[in-house]
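In what follows, a single structure is set out as structure tokens and then discussed.
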Amino acid sequence: MDIFRILSRGAALKRSSNSDPGVKSESQNATKDKQNSLLRQVEKETDFFNTRKHTEVTKDIEDEAQDEAVPPPKITTEEDAAKLRKQNKVNVSGTDIPLPIGSFEDLIARCNLNRKLLANLIASGYSEPTAIQCEAIPASAEGRDLIACAPTGSGKTLAYLIPMAQALISSPKTKNYGIRGVVIAPTNELAIQIYQTLAPMCRGSNLNVTLLSKQVASKISSSIISANKFDVLICTPLRLIDLVKKEQVDLSKVEHLVIDEADKLFDHGFVEQTDEILSHCTLPTRRTSMFSATIPSGVEEMANSIMKDQIRIIVGHKEGASTSIDQKLVFTGNEEGKLLAIRQMVQQGEFKPPIIIFLQSIPRAKALFHELIYDKLNVEVIHAERTPKQREEAIRRFKNGDAWVLITTDVLARGVDFKGVNLVINYDVPQTSQAYVHRIGRTGRGGKEGKAVTFFTKEDKLAIKPVLNVMKQSGCHEGYSEWMESMEKLTKKEKQQIKQHEIKRKKISTVPQVVSKKRKQRKEMIEASKRRKEETK
């Protein structure tokens, strides 16, 4: 797609929408020089790679840009839409559903997409919309509430950021008007990633976005800066609630509210915080969007209670994993067998970095970290007991390739995008199918292939059933033994039992084999010395 041709077309679109093409008004003639100046400025600002000379925009080029019409959208009929949805395995429900888009270029004609926003998208490497973006962007652009479910790594973040940014940029307010957009995420790591996606998109626009980090929250709390200077706030729930209760953040003007990882934010431990935020977002015309890779029926019921005239978008299965992930269940017998399985994978060349390993608790994550350190593997660890700075440093080292393996708990299972993760290992079986989908979603992102291996022991006979169901839905029938085909689904009581009670597991040995051997040798030497002393008496 030629960004420079598209940006030129934008001028023609604006002119035709505001005037009669057959009549030139005095105001048009008076502003012609100004338009030429703006076109020259756009030429300069969109020369991202310094390959284009900033020359004078001649009359011939201007006339060509003005006369060239924007091509019609790729999707123009319900038949086109049905064909695209079938191809992308998308199910959309609701009333008066907008047609999907077939390309980002369609947004120029259908939504009058801001030229600077489009230029920034192209500069960031986005070329064609994904399945969720094709549906969610036009629906959001028309001001509809959304419940959207799509596999991990399918581009959900961009699906809600583009329409929010477009809406806010195209209707600017006075300086220090107040917060107009809020994106809530369950973890700090995910909030950082969302900010890092939005900030480059809004570069050069009138939109002021910020991440509500500890430092920013402290400055707002101390009245060093005013929260009203920001248009969009990206945050975790508790930090926002703290400032709202102190009356230092006003959410009454929020026009766009996005709840990312909605299943987590409406689960126990978060639902009260989410409700608190919703109660302060009082603007009657507020648009609410909820996105996640898994949306259980209970969460959907709560979502329906706070939305109006919403559209429901499901890409693939409602609780399914990406089909680009090769999933496998490995029986290890016992806890010791898990360590042996990892060492065997290393010996057989299956342990190909970058790799993420998930465990069920912080003590177990620490223990495995020390075990693999003494196995001379290049590893890092992230869990809730580490400081934000330590966690950021661990993520930085992993992304840069300084660490090959990242050991973590479910704190890192949601939303965080790591490019090119080859393998995810579930050292401990997750407690729910949702947790499993989010964990393995760290690989196979953006359509790339990935691999996920889940270790299980005889204690996991119930816990592996939800994992097995996800594997069947994803078509990974070769990843488990034939006898598992006949396993019955969990009862409601069994699901609650697994979710509420962690499986008690034996402690992972943190004593490396070499240290254990030296200790044994020393003990034998001491005992031999004692015997010699006894014999000489």
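Any Cβ shown, glycine's included, is placed from N, Cα and C.
Residues or ranges marked as ATP binding site by Swiss-Prot on the basis of sequence analysis: A150, P151, T152, G153, S154, G155, K156, T157. Positions annotated as compositional bias 'Polar residues' by Swiss-Prot: 15-30. Under the heading compositional bias 'Basic and acidic residues', Swiss-Prot lists 31-47, 523-537. The feature domain 'Helicase ATP-binding' is assigned by Swiss-Prot to 137-313, with sequence analysis given as support. Residues or ranges marked as domain 'Helicase C-terminal' by Swiss-Prot: 324-488. Residues or ranges marked as region 'Disordered' in Swiss-Prot: 14-51, 512-537. Swiss-Prot lists 260-263 with the feature motif 'DEAD box'.
Per DSSP, the motif 'DEAD box' (260-263) is made up of 2 helix, 1 strand, 1 coil. Listed in sequence order, the residues T130, I132, A293, V315, G441, R445 complete the 8 Å Cβ shell around the ATP site centroid, once A150, P151, T152, G153, S154, G155, K156, T157 themselves are left out. All protein chains considered, the CB of P151 (ATP binding site) has 26 other CB atoms within 10 Å. Secondary structure counts, DSSP: the compositional bias 'Basic and acidic residues' (523-537) has 14 helix, 0 strand, 1 coil. T157 (ATP binding site): 23 other CB atoms within 10 A of its CB, across all protein chains. Packing around T152 (ATP binding site) is summarised by its Cβ count: 25 other Cβ atoms lie within 10 angstroms of its Cβ, all protein chains included. Neighbour density for G155 (ATP binding site): within 10 A of its CB lie 21 other CB atoms from the protein chains shown. Long-range neighbours of G153 (ATP binding site) (same chain, six or more residues apart, CB within less than 8 Å of its CB): S322, D417, G441, G444, R445, G446, G447. Taking the Cβ of K156 (ATP binding site) as centre and 10 Å as the limit, one finds 25 other Cβ atoms among all the protein chains shown. Within 10 Å of the C-beta atom of S154 (ATP binding site) sit 23 other C-beta atoms, taking all shown protein chains into account.
Contacts of A150 (ATP binding site) defined by a Cβ separation under 8 A and a same-chain sequence distance of 6+ are given as T130, A131, I132, K156, A159, F291, A293, I313, I314, V315, G316, in order along the sequence.
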